[in-house]
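Undergrad: Taken from TrEMBL, the feature domain 'Core-binding (CB)' applies to 3-88. What TrEMBL lists as domain 'Tyr recombinase' is 109-297. The feature active site is assigned by TrEMBL to ARG149, LYS173, HIS249, ARG252, HIS275. Taken from TrEMBL, the feature active site, O-(3'-phospho-DNA)-tyrosine intermediate applies to TYR284.
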Amino acid sequence: MGLTAADIREQFLAHLGAERNLSGNTISAYDTDILQFFAFIEQEALVFDDIDFRVLRNYLGLLQRKGYDRKSVARKLSAIRAFYRFAQKHAGIEKNPADIVSAPKQDKKLPKYLKEHALEELLASPDVSAPLGLRDKAILELFYATGIRVSELTALDLDSIDYAKFDVRVVGKGRKERIVPIHKIAADAVRAYVGSGRKKLAQGRKPEAGATTALFLNFRGARLTVHGVRRIVGKYVKLVGLSKGITPHAVRHTFATHLLERGADLRYIQELLGHVDLSSTQVYTHLDKARLKEVYLKAHPRA
């Protein structure tokens, strides 16, 4: 082979710094993972050329038995895979044993959501005496009333809302259209914005392309962007002292979770959210089970 495993390791670490411009801490983490794998090889009385996917699977199994979490094991596998790819390219190693070894499945993180009292505080935070406050109030109310995505909200036009039927026509992923109901409180908030706040935002400004039909405008009279909406929500999250992780998507999760807690069928929630696959909606069942246990412990006489 010519080069030893130690030689390849040194060249690999140099490559991470010079070619990939990684930080010293990141390179050190790669080195720790590779040296740990080398120690395992030595302990098993193996040589570098003997390593195949079976050996690697045994090593990953050992890490899990030692108590490493799935994320750490996946990171170590990623480091080994990168090392072998470098060795294939620069040291004549024929096979990468990590290419056919899958990383452990990561535990699904439950989506963040707000309790009802926190959500109400967020909805009440905009100053509706100002045009931007009217707009922001309408945005927050619409998010919680419909559970729509940020991109779907920014795409709404003036004629997207049917105030007589209390419906919102939403264009989702893949240009798929769906009709989402809206309650009176949210409809009134949007109507108040359109009747006063929006007019003032558009007044005296030459509209950009599409802005004449856009429901939500920025202070320049142009259609509000996804980034703009995220910034607006973040502003009120900070104002009322909520967690930094509360984003427009978290309000979408809150919408779904509150419906589920009140007994809504999962398939109806799927339709409202615009999920093609029910599995995308099933993450909320985990939240519901947690809530179910909480209710049980509070309500059962012997709990």
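Cβ atoms are placed via backbone N, Cα and C, with glycine included.
All TrEMBL annotations are machine predictions without curation.
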Undergrad: If you measure from the C-alpha of HIS249 (active site), which of the active-site residues ARG149, LYS173, HIS275 fall inside 10 Å?
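TA: Hits: ARG149.
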Undergrad: Limited to the domain 'Tyr recombinase' (109-297), I'd like the whole-number average of pLDDT.
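TA: For the domain 'Tyr recombinase' (109-297), the model's average pLDDT rounds to 87.
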Undergrad: Among LYS173, ARG252, all listed as active-site residues, which has the most CB atoms within 10 Å of its CB?
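TA: That would be ARG252, with the highest Cβ count within 10 Å.
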Undergrad: Going along the chain, which residues six or more apart from HIS275 (active site) have their CB under 8 A from its CB?
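TA: Listed in sequence order, they are THR281.
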Undergrad: May I ask for the distance between ARG252 (active site) and ARG149 (active site), taken between their Cα atoms and rounded to an integer number of Å?
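TA: Given the Cα positions, ARG252 (active site) is 7 Å from ARG149 (active site).
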Undergrad: May I ask you to report the DSSP-based helix, strand or coil state of ARG149 (active site)?
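TA: Where ARG149 (active site) sits, the three-state DSSP reduction gives coil.
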Undergrad: What's the CA to CA span in angstrom from ARG149 (active site) over to LYS173 (active site)?
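TA: Cα to Cα, ARG149 (active site) and LYS173 (active site) are separated by 10 Å.
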Undergrad: Counting by DSSP secondary structure, give me helix, strand and coil numbers for the domain 'Core-binding (CB)' (3-88).
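TA: Its residues fall into 69 helix, 0 strand, 17 coil.
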Undergrad: Tell me whether HIS275 (active site) sits in a helix, a strand or coil according to DSSP.
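TA: Once the DSSP labels are grouped into three classes, HIS275 (active site) ends up as coil.
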